[in-house]
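Enquirer: Quick one: this structure, given as structure tokens, is what I'll be asking you about.
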Amino acid sequence: MSAVAPDGRKMLRLEVRNSQTPIERKPEWIKTRAKMGPEYKQLQQLVKGEGLHTVCQEAGCPNIFECWEDREATFLIGGDQCTRRCDFCQIDTGKPQALDRDEPRRVGESVVTMDLNYATITGVARDDLEDGGAWLYAETVRQIHTLTAEREAGATKVELLIPDFNAEPEQLAEVFSSRPEVLAHNVETVPRIFKRIRPGFRYERSLEVITRAREAGLITKSNLILGMGETREEVSEALQDLYDAGCELITITQYLRPSVRHHPVERWVKPHEFVELKDEADAIGYSGVMSGPLVRSSYRAGRLFQQAMEARGVAAAGSAQAAQAV
């Protein structure tokens, strides 16, 4: 077994240990069928013809057909090297390139070209930057809102999936000031195994980020990945923790191992458990829940946003105002 990662660097001890376990065979329910509707086909041709880049196609997301049919897509900002390492994430850890200050404009132009209804922006942790990359995240939201302001179908909604910025008040304030429609920060796993799976993050700090976003008036969202060593009871506790912290939207998914260097799959969660977890999250009080083996944090993101708006009474208030104006 080679002790060298694909990018040529020496593998970490954890990666060497992980690589002793072969890639697991997926159960029969971990599969999807391609349903290529007209909107998907149009976007596929557009992305290819314009040389655009989205996480959707580059990561081989199984939900691309559904999301693109809704004119939703996800973009990665900040480069392809993260300053932190999570044991489930396919983005590599290393020294990032210099900050590309034109990236927000280019992402905004891509959103315009694709005529998206909803864009999810995610990115790498940039602890090498003085502001942790806060300006980059915020400016990308601002560019999308500005460039799509005159869009016939309405300005593109933006979901911003952020690292924790070490919960630094100034950095979070910069990000929150851009007013994304949804502010997402993914906790991903439960407290007992959190440090092992996400050594660069802290569970309580992640909850704090969600709380601060909610206090800033933003719709909040998080994600839990199952199959990395958690127990069923711990998942229930994490769902309650997130809700108590102010989380309104939640996605729950099965861990799929990116390579032998990553954490082995410890269990395959059966479909009925995902249904049970959705019912449980609904009962706790979440405004919107997506739970399933192939759900990803940006899956049906626009629909979850609408559910959160309805739960807040925004849609009802808007209808009442329209009726009064007639």
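Just so it is clear, glycine is given a Cβ too, placed from its N, Cα and C backbone atoms.
So Swiss-Prot lists these for the protein:
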BINDING   Cys56, Cys61, Cys67, Ser298  [4Fe-4S] cluster 1 binding site
DOMAIN    68-287  domain 'Radical SAM core'
BINDING   Cys82, Cys86, Cys89  [4Fe-4S] cluster 2 binding site
Enquirer: Could you state the CA-to-CA distance between Cys89 ([4Fe-4S] cluster 2 binding site) and Cys67 ([4Fe-4S] cluster 1 binding site) to the nearest Å?
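Expert: Roughly 21 Å, rounded to the nearest whole number.
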Enquirer: Name the residues of the same chain, 6+ apart in sequence, whose Cβ is under 8 Å from the Cβ of Ser298 ([4Fe-4S] cluster 1 binding site)?
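Expert: In sequence order, Cys67, Glu72, Thr74, Thr120, Thr122, Glu159, Leu161 meet the Cβ cut-off.
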Enquirer: Quick check for the class: what is the C-alpha distance, in angstrom and rounded, between Cys82 ([4Fe-4S] cluster 2 binding site) and Cys61 ([4Fe-4S] cluster 1 binding site)?
Expert: 20
Enquirer: The domain 'Radical SAM core' (68-287): mean pLDDT?
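Expert: Residues in the domain 'Radical SAM core' (68-287) carry a mean pLDDT of 96 in this prediction.
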Enquirer: Please give me the CB contact count at 10 A for Cys67 ([4Fe-4S] cluster 1 binding site), counting all chains in the structure.
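Expert: Summing over all protein chains shown, Cys67 ([4Fe-4S] cluster 1 binding site) has 25 other Cβ atoms within 10 Å.
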Enquirer: Give me the sequence-ordered set of same-chain residues, not including Cys82, Cys86, Cys89, with a C-beta within 8 angstroms of the centroid of the [4Fe-4S] cluster 2 site's C-beta atoms.
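Expert: Nearby residues not in the site list: Arg84, Arg85, Phe88, Gln90, Ile91, Thr93, Val124, Ala125.
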Enquirer: Could you state the CA-to-CA distance between Cys56 ([4Fe-4S] cluster 1 binding site) and Cys86 ([4Fe-4S] cluster 2 binding site) to the nearest Å?
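Expert: Cys86 ([4Fe-4S] cluster 2 binding site) has its Cα 20 Å from the Cα of Cys56 ([4Fe-4S] cluster 1 binding site).
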Enquirer: Between Cys61 ([4Fe-4S] cluster 1 binding site) and Cys86 ([4Fe-4S] cluster 2 binding site), how many Å separate their Cα atoms?
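Expert: Cys61 ([4Fe-4S] cluster 1 binding site) and Cys86 ([4Fe-4S] cluster 2 binding site) have their Cα atoms 19 Å apart.
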Enquirer: Can you give me the residues near the recorded [4Fe-4S] cluster 1 site, meaning same chain, not Cys56, Cys61, Cys67, Ser298 themselves, Cβ no more than 8 Å from the center of the site's Cβ atoms?
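Expert: Nearby residues not in the site list: Thr54, Val55, Ala59, Asn63, Ile64, Trp68, Glu72, Ala73, Thr74, Thr120, Arg296, Tyr299.
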